[in-house]
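**Student:** Dumping the structure here so I can ask a few things about it.
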Amino acid sequence: MDISKNSPENGSLKEKGSVKSDIVPSSERFVSQDEENRAVQEEEEKEEEDNTLPFSKARLLALVFTVTGAAFLNTLGVQAAVIILPTIGRDLGIPDSRQQWIVSAYSLTFGCFLLLWGRLADVYGKRLIFIWGSLWITISSIILPFVPNEIGFDVFRGLQGLGAAAMVPTAIGILGVTFPPGKAKNYAFSCYGAGAPLGSVFGNIFGGVLGQYLDWRWVFWIFAILGGVVAVCGYFVIPVPPAPEQPINMKTHVDWIGGIIVTIGLLVLLFALTEGNVVGWSTPWVPTLIAVAVILIAIFVIWQWYLENKTERRPLMKVSIFKNSTFSAAMIIMLLVFASFSNYLIVTTYFFQNYLGLDAIQTTLRFVPTGVCGIMVVAVTAQLLSRVRGNILLTFGTICVSVSSLLFAIPIDPHTTYWAYGFPAMVLSVCGVDTLYPALTLFTAKSLPQEDQALGGALINAVGQAGRAIGLALSTAVQTAVTAKAAGVDVEKIGNEGGSLLPGNNALKDGLRAASWFNFAVGLSALLVVWVFFRGAGIIGGRH
């Protein structure tokens, strides 16, 4: 009889062996426990956030897509017009030297009226101003193609910009007051950030395809249809705000004096910067207008300080918000990033069309990656806003924007395949701006009280417009000076697109590369501001 099978020692060894085989190393046990706790915490936060959402998810989704239409239409209105400029000029008899006003008239009114519309939206209701702006764009876009002369056409382009100026800040304000802090708000602002690159891509497509195969007027009629759709959707999905406890007094609730001063100041500044590239910076009235604009803006700031500190009246913009160094730094980053990114798009357009001699369709195809990648980047950014520290996101964004210009600045053979440097540059540019814009707009929204949300949206977009105009003026000045020197001619003989230089001219290439170096330096300046002022920044998209 073999007693070893029934031996207690043997049995105990089996039991010990079985127990030993089930033991989990302590490090793995702690890791799995941490993961389980994190999953439970995320589930609880998600459930808590779902309970705090003011409306159903379907309605909130419709709301986000509707207000994103503001960013989409604004960029579409500019980009499509750029592509069809020569066709419009030929049909209406507008000389080349004045065709840029078809774009500038829109940009001027948009940039100048942002702050005033933002304040009016906070006072009279964001829903009302958003719908009004959408309808205004629709009506002006229907009429615009029927205008038979240059002056009238430019006027109605300005009216289009006026409607866009009413929509964009109120869209940001609507998102700011509707969504509580959390992942839903991060997704909302990230989705809004996708509107601009999508508008740019479809603007290129509409302008290139419709302008070449149909009548250019259809570009504006489709613009009108889209504006009407946004207006109707806004009427149904944007919540009606509660009635004010006290009747609104237009004189005390809106700083009309400040609104007029800053609107005129911005108008003069943007006009001078726009025309300086056309008539030359040595023209006496250009620096004079810039000086007048600076004085008007300084008077506006002093007036706002006086209203805030010496009276009971509400200023158009509280100067005290700039005492927060991080908030001021965010505005500077916005200015520098848009100066670099916007002019990167212009320089690359000139490089493809003027230097390489590509047509509008071929150029459009080279910009398609910005829209496709933009959608993917926005989806990722929405996740990162609540997981990654703000200084890391802003550092990543500014580096991407800077390197995209660097790829067009370094002496790569111009006839190298597009996939070697053009495609990476396009991807990096949109990775940068579509990370930065949602982060900065969300930061601005969280830095301001509920009653100033639309004004915050107006402020950050006005800063972006100023950066675009100032950057274009300086970048074009650098490009023109280098091109003229390389060509051995006077600066006055070199236009902002290279004058009469033929495609393939090395002087044109040198000027465009110099402008790219300038844009790269501006991007690095934004990176420096991030490192100095956002060094210890936490998670921008957190609950608090």
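The backbone N, Cα and C atoms fix where each Cβ goes, and this holds for glycine too.
What TrEMBL lists as compositional bias 'Polar residues' is 1-10. Summarising the annotation, TrEMBL assigns domain 'Major facilitator superfamily (MFS) profile' to 63-538. The annotation region 'Disordered' is assigned in TrEMBL to 1-51. Annotated transmembrane segment per TrEMBL: 60-88, 129-147, 159-179, 186-206, 218-241, 253-273, 285-306, 327-347, 367-385, 392-412, 418-440, 517-534 (among others), in sequence order.
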**Student:** Can you work out whether the transmembrane segment (218-241) touches the transmembrane segment (60-88), with the criterion being 3+ CB pairs under 8 Å where the paired residues are 6 or more apart along the chain?
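**Tutor:** Counting Cβ pairs under 8 Å (6 or more apart in sequence), the transmembrane segment (218-241) reaches the transmembrane segment (60-88), since there are 3 or more.
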**Student:** Looking at 60-88, 159-179, 186-206, 253-273, 285-306, which one has the highest count of Cβ pairs under 8 angstroms to the transmembrane segment (418-440)?
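**Tutor:** Counting Cβ pairs under 8 Å, the winner is 186-206.
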**Student:** Could you check if the transmembrane segment (392-412) is in contact with the transmembrane segment (327-347), meaning 3+ Cβ pairs under 8 Å among residue pairs at least 6 apart in sequence?
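**Tutor:** Judged by the Cβ rule, the two regions touch, with the required three close pairs present.
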**Student:** Give the mean pLDDT for the domain 'Major facilitator superfamily (MFS) profile' (63-538) on the 0 to 100 scale.
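**Tutor:** Averaging the confidence scores along the domain 'Major facilitator superfamily (MFS) profile' (63-538) gives 84.
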